[in-house]
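Trainee: Mind having a look at this structure? Questions to follow.
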Amino acid sequence: MWAATEVAHGDYRQVRLIVVMLLYTLIVLNELVVMVGMLHSVRGALREIRVRRTGEEADESLFGALNRATLIFATIYLAWSFHVEDARELVALDNIKQIAEHGILAGAARDDFGTLLTGMEVWISVAIAVAAYALRTLFAWWHTNGKGRASGMLAAFFELAFAFYGINAIFTLTSARSEWLKDRAVVATFEGWIESAEKTIPVWKPFWDGVSTVWPLVVDALIEPLTWLTVAALVYGAFAEDTRAVVRGTRLEGVADRMDDRTHSLTRSTVTVTTTTTGLRERWVPPVNAFRLLTRGGWALFGTFCLCYVALHVGMEYADRAFRTLVGTDFPHFWLLFGHPVDFVRNLIVATLTVCLLAATFDIASTRSRESGEPDEEGEASGS
């Protein structure tokens, strides 16, 4: 991120913004690779993996797991907008740097203030996005047909590049459309209906206010843990089914069986992507299928998993506040200097414990499913 803020300002602004977006794409891809690597690193401690090894099944290498899971992981990552926090941190870091160099008033008044990821010319953004889409389609096709050792990771990279380089064009078009829609009669009529409903229906406004309050909590407590469990299932293999079960019903589902010699015959096969455009199905179907697979371990496992996930993240936030309170802020600009190292340590602890929680949950659910002898749905389908 520091390198991106260093490159962003100076002559040849558009060229610099292209490089900034490239660095941002690499930042997000690095997060995906690190998460897959962390999940893969603890696989040796899982009972399910030991069963595979005793069954003389070939173990999958880290590179194989990255090549197989990163593309789908990237699609889910984009569908749930997990990259937004990275974008906010990058823009905030650039804004702080400009204020420090030029002062509060002069820095905030600059034309390039806050436009680190949206200042690219529309035609440049569209051209690069189209090229990235073409390359993404090519490498996804290679990955589907088993060509190229790193085709999956390259397809994931261009998937991210296609999404991020199109941000500026989408932002500009959306802003123009919003300005145009403000003056349309149908929009004014619809807004009038909403205002009338709020006045005539007593529960209308309280209901939607309650939904807007509760929904983020539901996402944080239930949907987000299931989404990350989906990622774990992609790395380790779905419970008593192949990895395709996690993305069944979405456009992420593609051909399989390319890596049978490196994966477990009961719990995992490869999954590749024929079309990876994110949408409603890519956003919801994987967590729903992860929930269905997780309940094979019992409802108590599902409840405990979500409770531990929430307790871990909320507890670490309170621990961070307590630590900062105990240390104090007598020294001027102390937390401006040491805040980021503390945040890094906190995030490292949370990420490590989250990976352990995901791995343990997968291990329990998959072991219970295997020991209960639940039939493989795909095996039944092929047998019939």
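For all residues, glycine too, the Cβ spot is worked out from N, Cα and C.
Pulled the feature table from TrEMBL, pasting it below:
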type	residues	note
TRANSMEM	17-40	transmembrane segment
TRANSMEM	61-80	transmembrane segment
TRANSMEM	122-142	transmembrane segment
TRANSMEM	154-174	transmembrane segment
TRANSMEM	214-239	transmembrane segment
TRANSMEM	299-316	transmembrane segment
TRANSMEM	344-365	transmembrane segment
Trainee: For the transmembrane segment (17-40), which stretch among 122-142, 214-239, 299-316 has the most Cβ pairs under 8 A?
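Mentor: The listed stretch sharing the most Cβ pairs with the transmembrane segment (17-40) is 214-239.
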Trainee: Count, for each of 122-142, 214-239, 299-316, 344-365, the Cβ pairs lying under 8 Å from the transmembrane segment (154-174), and report the range with the highest count.
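Mentor: That would be 122-142.
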Trainee: Could you pull out which residues elsewhere in the chain have a CB under 8 Å from any CB of the transmembrane segment (299-316), counting only those six or more residues past its ends?
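Mentor: Distant Cβ neighbours of the transmembrane segment (299-316) are 220-222, 224-225, 228-229, 291, 346, 349-350, 353-354, 357, 361, 364-365, 368.
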